[in-house]
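According to TrEMBL, the protein has these features:
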type	residues	note
BINDING	CYS341, CYS343, CYS346, HIS372	Zn(2+) binding site
COMPBIAS	423-433	compositional bias 'Basic and acidic residues'
COMPBIAS	441-458	compositional bias 'Basic and acidic residues'
COMPBIAS	484-501	compositional bias 'Basic and acidic residues'
DOMAIN	24-405	domain 'tRNA-guanine(15) transglycosylase-like'
REGION	411-501	region 'Disordered'
Amino acid sequence: MSSDGHEPTAMTFELLKTAVKDGGARLGRLAFPGRRTVDTPNFFGLTSRGVIPHVTPDNVEKHLLTNGTYMALEDFIERPQQYMTRSPPVYETPSPNNKPLQSFTAMPSSIITVLGSRRIPAVAAPMGNTNQSISVFTSTGFQAVTTKQYINAIQTLNPDIAIPLADLTHKTSAPTSKRALRMAERTDDWIKEWFMEMYGRNKEPSKIATFAPVLPISYSIQWEYLERLSEEHQSNPSVLSGLAVYDADLIPDISSSYQNLDTLPRLALSTPSNPHQVLRQLSLGMDIFLLPFLSTASDAGIALSFTFPPPSSESSDLLPLGIDMSSPEHAISLQPLTESCTCYACTTHHRAFVQHLLCAREMLGWTLLQIHNHAVLASFFASIREALADGTFEEKARQFALRYEPEIPQGLGERPRARGYHFKSEGPGEQKRNRPAWSKLDGEKKIEDKVADLRIEDEQNGTSGLGSGMDSVAETPLVPDENADAKDLEEMGFAEKAENK
């Protein structure tokens, strides 16, 4: 409720405490009308095609302690070549509350929705961006989205937070100085178009909060772009609500150079790979995080097990950041996933049950891990906020770094089946992500080779009739999947190509 007694109509962000001047860990509070209030530092859930992996929207409301979700436009705008003029279904969804994105994804109304152009982490495009468009990876391949189309999509889908287009490469290697300069210039042009279309003259003020991107290039190359953001925010504070930061190391430069931008909330798009990196970026002044390692750990059968601060112990051994629930040692364990956790998975089920589900490849196993891992992260950030409030954050962060292993375990269990729209091959030599549904009976050997091996074995043993090993050759193999073609069947020994007579 505002001071004049009316309900607020736009996002508000209040800084409650800053650890140090010109950057540093800080406490804040982010609020939207009708949404959960977000105490910062905190994290938002990452979605795939509009849903948090393995968790249905009703369970997001009941069991996940998350206050917001990040969604990517590229997940919704597939256009097959034969239907290029067809409007994607997300644009045609009826929405009584004028929130088509929320209605289409069935996301609970209490959850803040963030919409960007690319999923996180994004797949690098084979073709570059142009002066008027970027390349996005849809379920039907890479397609171009112009700046005008993207702005229209934002205005139509009406998310709570929108991230304007940025000219990014999404490659692991750093861009050259020439490419970095082009990135800054294009993004500067696109942000000017954004402000004009969203907040221009004679336009009704948009209730969508704009989080302007801060590029993953040096400050000296993009300072003119940041200067524009500062000037726009100073002349009209309602046009810029926050910053979407791709490189946390730029925060000290922004804090020292643009005091008016220092009060804005910061959304991390830098994808830290473990809690150690989260603490480092948080110490620089990041407020809200998107954490791909959360779902990656769940897919790998890992139950996150870290706490902040770490438990006291006389042992000098490093503690693991997670526990591999697919390990056979949990087959008869009646312990919860972690002893101190109070999430639904830990209070209702035990390790043996989750281990059984993972071995049987039952979806419930990954659902329970996803619920648990979200709870671990929620508790992690809640404890960080308590440490910031009482001034013990730096000491506890130092203890955490000394007590835990540097990386989250990889996990030895099988992952859930990957779908084509989630991944794209990055180059030659990459192994397939999905195990074949059916295969040869003896590795890569053909049946004829197997028979020859058995004949040699019989000769050496003085037996005849190809021995008992022939039973394995004659065994009925697994049934091929529905995607197998004639060539596959012939190679795998299920059929022979008939000669035309």
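Here, residue 1 is simply the first one shown, and the rest follow in order.
Cβ atoms here come from the backbone N, Cα and C positions, even for glycine.
Because TrEMBL annotations are produced automatically, they should be read as predictions rather than curated entries.
Not measured: the values here are computed from a predicted model.
Feature map: TrEMBL annotations on the structure.
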residue: CYS341; record: Zn(2+) binding site; contacts (Cβ under 8 Å, 6+ apart): HIS372, ALA375, VAL376, SER379
residue: CYS343; record: Zn(2+) binding site; contacts (Cβ under 8 Å, 6+ apart): HIS63, ILE371, HIS372, HIS374, ALA375, VAL376
residue: CYS346; record: Zn(2+) binding site; contacts (Cβ under 8 Å, 6+ apart): PRO336, LEU337, THR338, HIS372, ALA375
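Neighbouring residues of the recorded Zn(2+) site, listed in sequence order and excluding CYS341, CYS343, CYS346, HIS372, comprise ALA303, PRO336, LEU337, THR338, THR342, TYR344, ALA345, THR347, ILE371, ALA375, VAL376 (Cβ within 8 Å of the Cβ centroid). Looking just at the domain 'tRNA-guanine(15) transglycosylase-like' (24-405), the mean pLDDT is 92.
Cβ neighbours within 10 Å of HIS372 (Zn(2+) binding site), excluding its own Cβ and spanning all shown chains: 28.
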